[in-house]
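To start, the structure under review is shown below, and the notes come after it.
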2 protein chains.
Amino acid sequence: MEQQIVSAIKHRVLPHPALVVGIGDDAAITRVTPGKQLVTTTDMLMDGVDFLLASTDPVLVGRKSLAVNLSDLAAMAAVPVGAVISLALPRQGGEQLVRQLFDGILPLAAEFQLAIAGGDTNSWDGPLAISITVWGEVEPGEAWLRSTARVGDKLHVTGALGGSILERQFTFTPRVNEAQQLRRSAQVTAAMDISDGLLIDLARLCEASQCGAVLDLDKIPVHADAVRLSLQEHPTATPDELQAFALEHALADGEDFELLLTIAPSDPLAAQSIGEITSARGIFARAADGSLRALTIRGYEHQFRA
Amino acid sequence: MEQQIVSAIKHRVLPHPALVVGIGDDAAITRVTPGKQLVTTTDMLMDGVDFLLASTDPVLVGRKSLAVNLSDLAAMAAVPVGAVISLALPRQGGEQLVRQLFDGILPLAAEFQLAIAGGDTNSWDGPLAISITVWGEVEPGEAWLRSTARVGDKLHVTGALGGSILERQFTFTPRVNEAQQLRRSAQVTAAMDISDGLLIDLARLCEASQCGAVLDLDKIPVHADAVRLSLQEHPTATPDELQAFALEHALADGEDFELLLTIAPSDPLAAQSIGEITSARGIFARAADGSLRALTIRGYEHQFRA
């Protein structure tokens, strides 16, 4: 069965200029642009942890498995090149499942000119697990790191946050193109993607950069999904209460997959900042009057919409 | 827990000249030797399919998870550079398990100067699954493929075959160094590693190269383990019967992880050949008198020693 599945995948994979040898040999061979460095990331998504196969469209599961990896490349400002995909398929219905997963994977790969270079397809008595490794390229020294934020840098996010559980955790667009544009137009000093929530991920960036941060809570872009989710959860709340609930979702929900960036204070983009990097450790909220209060770091625990 | 595990792994990983940014950022950054192409392979090993965790030392399981990937690089004549490692850990005992797996992974990585660049560590209610992606480098056009064997080429294997189930399936040395030596000294025209058994893998090489092959059965190197295993299975067999049983193990057992190579007939190594490539499709056994009989392709079904 596995040979047939691999053969079916092979026939659906698009050619790619970087691909010298693709699916079917012991390994894939790809070209590297002269002078570039390699950026590699891997993510494993598992039934019951990252999704519930019983209640989620497998096409979306496949798409997400690749999208989270592309988001990690975006966080490094890397240009995607190739991917290898390993599957642990439940024995029952594995053949149909793999077709659906690739219905989600292949269009996203095409959208970001990513070569599907190979993989490993297996069946077992366990639940579905999907492990994807993606690589891309950067100019030496041009990758964005978590560890290079400087005191006084401004905080920036690429989009509105919160309520991703309603749908966006499966349908988000990895910020690959936005990262390339920002790499050219802005003085980005550090970056990461927001996978576990703004507060916890900002705390990680600060730990890596040995600094703290202040957030201007009124400037944090709250996604409409955060408001919708708050309305579902608190149908009788007042508008002020709803605003507070939605902000909480924007701060602590995970799976936004927007980029969190630090920008040099002299950069024009700094005008739209949501806060700034401080020498004082910890994450603080700044009120309109400039007063600070420490925020509790609260982040994402893997959740699903059952 | 996962943050602690990752931190513990990070402290055990050796520095590596190709590694610019390792464990701890959104992705790893590695150098590529100028002018080289990238060779990438991935393998997922799963409890109940590739090993039985209940009866196998997790150190050996970790070692094997990396070794099978290095074997794929060897089959392409690539020099290993880096690896990323994803784990789906059972919730119970996951922390100790990951330590043991890395007790097997890290020494093998060090032996082959492989950078452990990153990974993804997860816990779930399913069984243990380990997905490793390894990459290496080749000069453009110098990788060995399965599809380039030519009629008249001689067949060569890098070591004795059969009975790997007794232990070698976990302790084998991936033929990375042998491949580099052969790349320099011999006219290798095609290659693959023997993972599912000589017969089935030779048939795959022949299919990729659109040819057939003849095997000189008396020249196939039979491993002492194949004899030991035959003795265990058939304690009352005659010496002739034992020889036949052992040869059968050499032909059809899997997980030898020796390299199967085709060599130009003019190469000195051709003198030690075990057969040759033919235009007639199929795999044939050649008797001492030169007569041919078609062999049934029988290969490896995943097995364990319980």
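Every residue, even glycine, has its Cβ placed from backbone N, Cα and C.
Model, not experiment: these values are computed from the prediction.
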Exercise. Which one of A:Thr40, A:Thr41, A:Thr42 goes with A:Asp26, A:Asp72 at the Mg(2+) 4 site, as TrEMBL has it?
Worked result: A:Thr41
For this session: Enter the number of other CB atoms within 10 angstroms of the CB of A:Asp50 (substrate binding site).
Result: 22
Exercise. What whole-number distance in angstrom separates the two most remote CA atoms of the ATP-binding residues A:Gly119, A:Asp120, A:Arg146, A:Ser195?
Worked result: 32
For this session: Quick one: of A:Asp26, A:Thr41, A:Thr42, A:Gly119, A:Asp120, which binding-site residues lie within 10 angstroms of A:Asp193 (Mg(2+) 3 binding site), measuring between C-alpha atoms? Sequence order, please.
Result: none
Exercise. Could you give the Cα-Cα distance between A:Asp72 (Mg(2+) 4 binding site) and A:Gly119 (ATP binding site), in whole Å?
Worked result: 20
Problem set entry | Secondary structure of A:Asp50 (substrate binding site) (DSSP, helix/strand/coil) | coil
Problem set entry | Integer Å distance between the CA atoms belonging to A:Glu255 (substrate binding site) and A:Gly119 (ATP binding site) | 26
Exercise. Including all protein chains shown, what's the count of other C-beta atoms within 10 A of the C-beta of A:Asp196 (Mg(2+) 5 binding site)?
Worked result: 19
